[in-house]
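Here's the structure we're looking at; comments come further down.
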């Protein structure tokens, strides 16, 4: 007698493994990963599918429009900062005695870039000062390092706008500050090296002397598109800041707002009265007429032909008032566009789409070419920054993508490194467009910036162990997610208080700087070493130093400070009950996140893969039971 179970089992092997979807009556292959999009696709008719495509195209168009407005708002924000603090930046650069101190030069580079919100503007001021002989290239090197630090504050501020959700804020702030840590660590290594050996100056000087470089023309790429909108709002006269920095007395009384866009300069050879024969242009063209000395000299006169056509061309307001108006409006547009971009990305990048994009962006090449992936990301970052012609724009654009989890921090790090290179290549091309008498100095300063970033990448990227900025950024992201007020403390301390503190010590002289700075640096190194030993080898430490519990709680924990901040914000809050409800909701959401064991740096929208795997396992168990 044939065993009926054997027959059923043999017959079952030839049956295709399928499953019936009870909701739509459609048969899916058993290995198919079911998603809600499959249900929608199955229930939609032709008209619904066309409507769905139109909605997707509309979302893409809106995303591009908001991204365009976001980039333009960053440009207007830079102009606003220049109107508010541009003349102050020129005054800071004017004190050459302070610039002879490398630390003071570094801090001035940071502060000036923060004031004008553009490393290109601060670099152009340095080029003008070097070309006019007020500053040597050696003294300009620390300033260029400072501009590299100052320009990284923009994407950190952009990350602050995502503080509404703790998980998103954790990822976004870590993705933004990885750029900061790279710049700070590179300066900590290369500034002492430059002071001791002149490494950057010597290498760039050899490059300039070795090649016969001719002046050219810098390309306009994205500016061709954005200038249509930004120049209709405001146009600035960049020569005013450079004139103040180089000591031009007339520049101080000029407005930064550009009034005349079409001018004509007429140069005429005419008789000019000079104080004495030593001021003559040539002895052959010098004669006395009584008590006066007259010489022939080319005199240029500029005639205004056509006015500019931006909104503030005829507004009778001071630069500070116009700057504050533009600052408020640009921040409003920037934050609004950023929120809308994040909302659109979250609606477009869901489920399978998000999983596929995340896999494409964050997956390495197969062995043994996995190491190539990061360097390709560096090239991509450099290319994209070259297109948009601003590292701040590029890093600020990828910060929301890091926040929603589409781009991992490990991938955002090489993209940020590439953006540093991309902005220096743009500066090199801009320097090559300089006139012949300033070409050498301008190009050497741009090459200093380029070599600084290349050396930083060599220090902090090729060996995985040396990618310290990633670990530091993740730690800071976790802290700021728990204590969101600490993000503001970090920005104020690192970009304002610390530079101002070092600058004030530099003004006091080397003795004060060494007397105060060295003990603080020794104390900081001691704390770092003790922290590392506490985590790795606590047995090597005395019993007292194996933890910081011997210190008061406020000295080694942010929890007491958090209570103080909570009390202050509660008093400032007009509706305390609403705040209490909001905090209770946050606690509930945190408990729910802990119960689901969600990873800190994963996107919640991308957890569908795990659900699909669990569904497949359940189906396999049911199938095994039916075999019995």
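Cβ atoms are placed via backbone N, Cα and C, with glycine included.
Bear in mind that TrEMBL entries carry predicted annotations, made automatically and left uncurated.
Small disclaimer: the values here were computed from a predicted structure and weren't measured.
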Message = Suppose you had to name the range TrEMBL annotates as transmembrane segment; which of 266-287, 288-309, 442-463 would you pick?
response = 442-463
Transmembrane segment range according to TrEMBL, out of 3-27, 28-52, 53-77 = 53-77
Task = Go through 139-160, 181-202, 320-345, 442-463 and flag the stretch with the largest number of C-beta pairs under 8 Å relative to the transmembrane segment (483-506).
result = 139-160
Key: Distal contacts, the transmembrane segment (512-533) - CB-CB under 8 A, six or more residues away   = 103, 502, 505-506, 540-541, 545
Request  = Between the transmembrane segment (181-202) and the stretches 53-77, 98-119, 393-410, work out which stretch tops the count of Cβ pairs under 8 Å.
outcome  = 98-119
Task = Please figure out which one of 98-119, 320-345, 365-387, 393-410, 442-463 racks up the most CB pairs under 8 Å against the transmembrane segment (53-77).
result = 320-345
Task = Give me the stretch from 320-345, 365-387, 393-410 with the greatest number of Cβ pairs under 8 Å to the transmembrane segment (442-463).
result = 365-387
